[in-house]
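See structure below.
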Protein chains: 2
Amino acid sequence: MKCRKCGKKAVANLRAYRLSLCSDCFVEFYRKLVRRSIEKYGIFKNNDRILAAISGGKDSAAMASVLKELGYDFEMLYIDLGIGNYSADSREKVEKLSEMLGVRLNIVSLSDYGIDITKLRGRICSACGTAKRYIMNRFARENNFTVVATGHTAEDLVSFYLKNISGGQKDYAEKLLPRIEPFDEKLVARAKPLFEVSEKENMLYAIIRKLPIKMEECPYAPRQEWKEIVYEIELKKPGFAKNFVRGLVSGQRNLNFRHCSICGEVSLGEICSFCRLRKRFSEMKL
Amino acid sequence: MKCRKCGKKAVANLRAYRLSLCSDCFVEFYRKLVRRSIEKYGIFKNNDRILAAISGGKDSAAMASVLKELGYDFEMLYIDLGIGNYSADSREKVEKLSEMLGVRLNIVSLSDYGIDITKLRGRICSACGTAKRYIMNRFARENNFTVVATGHTAEDLVSFYLKNISGGQKDYAEKLLPRIEPFDEKLVARAKPLFEVSEKENMLYAIIRKLPIKMEECPYAPRQEWKEIVYEIELKKPGFAKNFVRGLVSGQRNLNFRHCSICGEVSLGEICSFCRLRKRFSEMKL
């Protein structure tokens, strides 16, 4: 398998793009993909002070690294959840990442707030989500950041959407936007620069760039059934996740209807599609 | 397996509702389900003159039969596509259905318009869709019907939605609504009384009611990949299709945000979820 761009040995076979790339061309491709998202969807504004929320995993590490490559000035925030070895390992990885990228790392611990999440019975993930969202926003505002960037991927957003819509919670749909402006002075904007990037692409980029990342899942992570459903659709329809989020995010087209000049029925063009179909047959007979 | 309602032998195991029912109780359940949809979503209006589009298949036959049971006055329209034995068999079934229900059947043939769809090379399904939509609307308007009812199911709508959104065509999303009002005087309203009913439920109802239906697929029908994806999700998440369309159709909730009385951050209740979490820990220590 050869790189479509330079002919060297390919390391990446991107089914969503029907494209094979070598490591150098892949990194170039990945960087352009993220830059294009940021520009097209106005994910960062000119005077933004960006706080990148990082967890120690591949997605947020890839986000921090590519933002650095794209010339963004930002700081990172790691929230220490106090989950034994898992959190200790994660912290070690983000400290290495901070050193490698030369980007300042801020750390807030849940224990600073008197919370030991491992003591909770049930619903740990829900409490953890609450705590992370709270701390990200409050830390950002109190330290004069204007936007919090998270490493959410296309798969994260699609699985979240399918789960929530089928759970009847349509109001969560707006959380999918690549940039969310605050509706209250206490809130800081949210940005998802990787919203149309897939996990596989982040993983490839992280490996090529040799980013320090932890591979273990959180010991409390439940089975991500909706994520698995998205992976399965992706196998059948390569690019599904990114195409779906793009479709959700894109505005509706403005369609101009008029009346068909032949039959007078409603039509998008001068002649409606039914009359065009009839014409094909009348011409066939000639 | 016993009927949950009356204790007789169950014939239906509705995983979406975790409910087993005998044939009588299932028909009762099915009828209520459709009646509730019609009422909740205003699918038919008081003075509607309803034209039910029927194909010979289970879904539209079930629709016609249940509308009759629910006391609606309507006529049926069958469009003869002129596809050899397939269309001849379908026509026979709808004629039997008309007789069985005592509902007037109207028939329009594509050949009346000089179209022989089997002569087309490629894109037959797209041309067939165009022709059916055109004829349904025009026949309804010219014969003073106010609404065309189709037998679209929850699975139809979800697969249509997933396919179109991931194809970037967001403007199709509004086609999912259970009732679509005309935006032009040449158009007739569209209604989907079975929009939150599953194909399996229609099939069960059709079998119990011994409706004349054809089981063969159209010889030109392509593999319905998106439908298969929906079936697979349904296996893992029973009720997915109907929950998803309900979620899409339901309006957004109005959320009232305020500031937490403890920490001052944005909150949905008097005390924000993070402070409630902290409280649980401070109380634990007592």
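Keep in mind that glycine also has a Cβ here, set from the backbone N, Cα and C atoms.
All TrEMBL annotations are machine predictions without curation.
TrEMBL names A:A53, A:I54, A:S55, A:D59, A:G151, A:D156 as ATP ligands; from the candidate set A:I38, A:I79, A:I83, the record adds A:I79 to that same site. Straight-line distance linking the Cα atoms of A:D156 (ATP binding site) and A:C260 (Zn(2+) 2 binding site), rounded to a whole number, equals 44 Å. Nearest to A:I79 (ATP binding site) in space, judged by Cα atoms and limited to the binding-site residues A:C3, A:C6, A:C263, A:C275, is A:C3.
In three-state terms derived from DSSP, A:C25 (Zn(2+) 1 binding site) belongs to a helical segment.
Here the domain 'Rhodanese' (A:55-95) is broken down by DSSP into helix, strand and coil counts: 24 helix, 7 strand, 10 coil. Within 8 Å of the centroid of the Cβ atoms of A:C3, A:C6, A:C22, A:C25, where the record puts Zn(2+) 1, the same chain has further Cβ atoms from A:K2, A:R4, A:K5, A:G7, A:K8, A:A10, A:L21, A:S23, A:D24, A:F26. Taking the mean position of the Cβ atoms of A:C260, A:C263, A:C272, A:C275 as the Zn(2+) 2 site, the remaining residues of that chain whose Cβ falls within 8 Å of it are A:S261, A:I262, A:G264, A:E265, A:S267, A:I271, A:S273, A:F274, A:R276.
Taking A:S55, A:D59, A:G151, A:C263, A:C275 as the binding-site residues under consideration, the smallest Cα distance to A:C22 (Zn(2+) 1 binding site) is found for A:D59.
Contacting chain B by the Cβ rule (under 8 Å between Cβ atoms), the binding-site residues A:C22, A:C260, A:C272, A:C275 reduce to A:C272.
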